[in-house]
Amino acid sequence: MKILKTLTLRGPNYWSIRRKKLIVMRLDLEDLAERPSNSIPGFYEGLIRVLPSLVEHFCSPGHRGGFLARVREGTYMGHIVEHVALELQELVGMTAGFGRTRETSTPGIYNVVYEYVDEQAGRYAGRAAVRLCRSLVDTGDYSLTELEKDLEDLRDLGANSALGPSTETIVTEADARKIPWMLLSARAMVQLGYGVHQQRIQATLSSHSGILGVELACDKEGTKTILQDAGIPVPRGTTIQYFDDLEEAINDVGGYPVVIKPLDGNHGRGITINVRHWEEAIAAYDLAAEESKSRSIIVERYYEGSDHRVLVVNGKLVAVAERIPAHVTGDGTSTITELIDKTNQDPNRGDGHANILTKIVVNKTAIDVMERQGYNLDSVLPKDEVVYLRATANLSTGGIAIDRTDDIHPENIWLMERVAKVIGLDIAGIDVVTSDISKPLRETNGVIVEVNAAPGFRMHVAPSQGLPRNVAAPVLDMLFPSGTPSRIPILAVTGTNGKTTTTRLLAHIYRQTGKTVGYTSTDAIYINEYCVEKGDNTGPQSAAVILRDPTVEVAVLETARGGILRAGLAFDTCDVGVVLNVAADHLGLGDIDTIEQMAKVKSVIAEVVDPSGYAVLNADDPLVAAMADKVKAKVAYFSMNPDNPVIQNHIRRNGIAAVYESGYVSILEGSWTLRVEEATLIPMTMGGMAPFMIANALAACLAAFVNGLDVEVIRQGVRTFTTSAEQTPGRMNLFNLGRYHALVDYAHNPAGYRAVGDFVKNWHGQRFGVVGGPGDRRDSDLIELGQIAAQVFDRIIVKEDDDKRGRSGGETADLIVKGILQENPGAAYEVILDETVALNKALDQVEEKGLVVVFPESVSKAIELIKARKPIG
């Protein structure tokens with residue numbers, strides 16, 4: 001077996017609309033292509049020995065053990081690799097259940113599709129599954145050592161790229177509210193929402209977190225001073241820079257016991273509490289100095305009581321947790337080392353922040369804390385004796401939490417909310433020491449020890465005891481108050497031909513509203529009139545540029561088949577999805593071999609439309625019209641024929657449609673007709689002589705209308721939109737050169753050639769074509785381009801693209817010539833492979849009042865060449 005290619009899908013895609021995170025592994029079975037599993041000695045027995053948990057896979061039989069029954073009866077290796085890849089992820093806690101395996105048009109080569117949780121781990125699982133299955137084929141076994149290494153690697157990959165627990169809590173709540181989100185950086189900054197409505201979080205810092213409040217919270221001494229000046233109880237303390245000042249500082253705060261900690265520490269690192277004599281103070285100072293970047297050490301009075309963390313969000317208390325330091329409880333027989341090992345076996349404990357709780361790590365701090373209690377790692381604890389392993393109660397060092405939200409006294413609630421406002425934090429974690437949180441701090445001699453920016457949520461979301469608290473909900477309530485949108489209107493456009501023109505027209509229409517419009521196209525990414533990036537930008541990365549931009553109010557996204565197949569969509573849903581047509585282009589690429597398969601690719605756009613939105617479908621294209629059966633949204637149709645049965649049936653059901661009737665672009669709904677504009681007054685239709693441009697206008701007008709735009713705005717948009725080289729480069733760009741005209745169009749498939757041909761056939765004068773085609777198209781497609789050219793043009797020059805796309809020089813041209821001669825053996829043609837030379841010759845030799853039509857590889861170069869020619873009177 002050999003992996004030929006691996007794709008990672010991150011959005012709705014060809015294989016599944018709902019399951020966005022999929023690996024597509026193109027697998028060559030090689031010598032196993034004709035060997036089902038029941039013909040491989042020992043394979044079934046080895047598989048259930050190595051992965052007995054595969055018994056839980058139902059597969060097509062639909063019951064426990066169903067997949068293993070398929071293996072025993074005989075199934076092919078691609079199918080088995082799919083299930084093994086899923087199970088390897090399951091064994092490390094990454095539950096992924098969806099899979100598909102389909103043979104391609106090349107015998108023995110399969111697309112193995114399976115779900116993933118973590119991208120890197122998902123790709124690794126596929127490679128490991130192939131290794132495992134190959135080993136079982138060759139030897140009947142796969143060592144448990146190798147399996148454990150695979151699982152360990154999977155865990156590591158997942159842990160390295162996983163979101164932190166607090167971030168995970170927030171994005172899970174965002175998912176529940178259907179607020180879209182995306183990662184912005186490796187530091188786990190997350191964007192919530194799209195465009196102008198976006199908010200950002202990093203851990204539990206948010207777009208609302210003020211820099212002054214965060215900086216103040218990081219300055220422990222400054223925080224204490226501000227709180228003290230506000231009359232809020234804080235520990236008596238001082239800050240020193242040198243060891244020589246330590247003894248005096250202890251005396252200044254009232255003597256022992258004291259707390260010694262770094263000024264700039266976090267997560268409890270470098271802190272020693274309840275320091276009771278000089279030797280302990282020396283050790284505590286050294287520990288704090290190791291963790292301090294500034295050399296500044298805080299010495300504070302130690303206050304008896306329990307450690308509490310109070311969470312305040314947007315000025316309101318939302319949760320309280322009592323924190324217990326890492327500890328073990330004796331059973332009368334086990335050593336402390338053994339008790340720690342038993343504690344760490346708790347499935348809720350993981351490394352770092354990987355789980356609800358953190359495993360207890362034995363380090364110098366733990367040993368020092370034990371020794372202060374009179375124990376060491378080999379000590380056998382009496383039954384029920386508790387030994388603490390950390391001085392502080394941070395969950396990140398193995399502590400646990402008990403929910404106390406319902407216990408806190410109302411006066412303390414008021415005080416904590418005041419603390420957050422005094423410091424200036426939108427999300428504040430306030431550390432309180434008090435003997436009883438249910439009583440006012442003034443009665444218990446309690447104090448505010450610290451105020452933290454970016455507080456952790458684990459202790460509140462999953463306390464060891466007490467009620468879990470959904471603390472992410474108030475965060476999202478703050479970022480997106482009731483009635484505040486998180487999304488911007490998204491209009492997605494796909495099809496074989498006309499995508500770019502329709503996208504640009506839609507964007508132009510929306511600009512009439514005064515909104516900031518971002519759009520992607522084959523030519524470039526634009527925000528309003530400003531070009532962000534030139535080039536083919538019709539994939540998910542380009543769409544994400546628009547969705548990430550904080551100025552964009554409306555997104556119009558040209559969406560080509562390549563991006564859908566390669567990575568899925570950048571968005572989970574859209575408001576309007578336009579499918580213009582499906583034609584025989586790009587067939588044979590990406591395992592899309594039939595026009596029906598291509599229709600399934602394009603259908604993704606229609607299927608992701610939100611139920612409240614509209615799928616705008618071409619009623620004149622049966623493959624597109626049939627997509628309505630899969631759509632969950634409302635449907636609106638457009639047609640060049642008002643009598644189209646699909647249109648008539650739709651209107652009878654009070655549906656909305658756009659049609660070309662009596663020379664007008666009109667919108668129909670039920671019994672009424674709304675005429676948007678006469679086609680001859682829409683510049684892009686070339687005076688009504690370009691039917692395919694009228695169809696594009698119908699689609700754009702209908703999309704804008706169903707998304708709520710006023711007809712007057714739409715009318716203004718179509719009246720002022722032109723097919724100039726500046727506004728729509730490569731889309732019916734007509735140049736008047738005085739003695740003759742030149743037309744530039746990026747058509748590169750038979751349907752596109754026919755559409756341009758419908759316009760060219762009406763030209764009164766010589767029709768001179770400079771024709772070519774992409775080398776990666778099928779032979780039959782290139783031959784058909786030649787046939788169409790022979791039908792349309794009086795004279796033809798056949799040229800080739802510089803990028804041969806896998807063909808040898810002259811091969812593409814030969815196929816086009818073959819089509820020309822099949823259609824018209826006496827056709828006037830010649831072959832000039834260089835595009836520039838070919839176009840120059842056509843421009844030099846075209847007859848007066850003639851039309852030169854070029855289908856260029858480089859639109860910009862062709863336009864530049866034509867513009868350089870001065871009009872000849």
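Backbone N, Cα and C atoms are what each Cβ position is placed from, and that goes for glycine too.
Listed in Swiss-Prot:
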{"type": "BINDING", "residues": "Gly495, Thr496, Asn497, Gly498, Lys499, Thr500, Thr501", "note": "ATP binding site"}
{"type": "DOMAIN", "residues": "224-480", "note": "domain 'ATP-grasp'"}
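Structure coloured by features recorded in Swiss-Prot.
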residue : record           : Cβ contacts under 8 Å, 6 or more apart
Gly495  : ATP binding site : Thr502, Val578, Val579, Leu580, Asn581, Val582, Lys602, Asn618, Val624
Thr496  : ATP binding site : Leu580, Asn581, Val582, Ala583, Asp585, Met598, Lys602, Asn749, Ala751, Gly752
Asn497  : ATP binding site : Leu580, Asn581, Ala583, Asp585, Phe692, Ala747, Asn749, Ala751, Gly752, Ala755
Gly498  : ATP binding site : Leu580, Asn581, Phe692, Ala695, Asn696, Ala699, Ala755
Lys499  : ATP binding site : Val493, Ser521, Thr522, Thr538, Glu558, Thr559, Ala560, Leu580
Thr500  : ATP binding site : Ser521, Thr522, Asp523, Glu558, Thr728, Gly730, Arg731, Tyr746
Thr501  : ATP binding site : Met684, Met693, Asn696, Thr723, Thr728, Arg731, Met732
Remaining residues near the recorded ATP site, that is with C-beta within 8 Å of the centroid of the site residues Gly495, Thr496, Asn497, Gly498, Lys499, Thr500, Thr501: Val493, Thr502, Leu580, Asn581, Asn696
Stretch-averaged pLDDT - the domain 'ATP-grasp' (224-480): 93
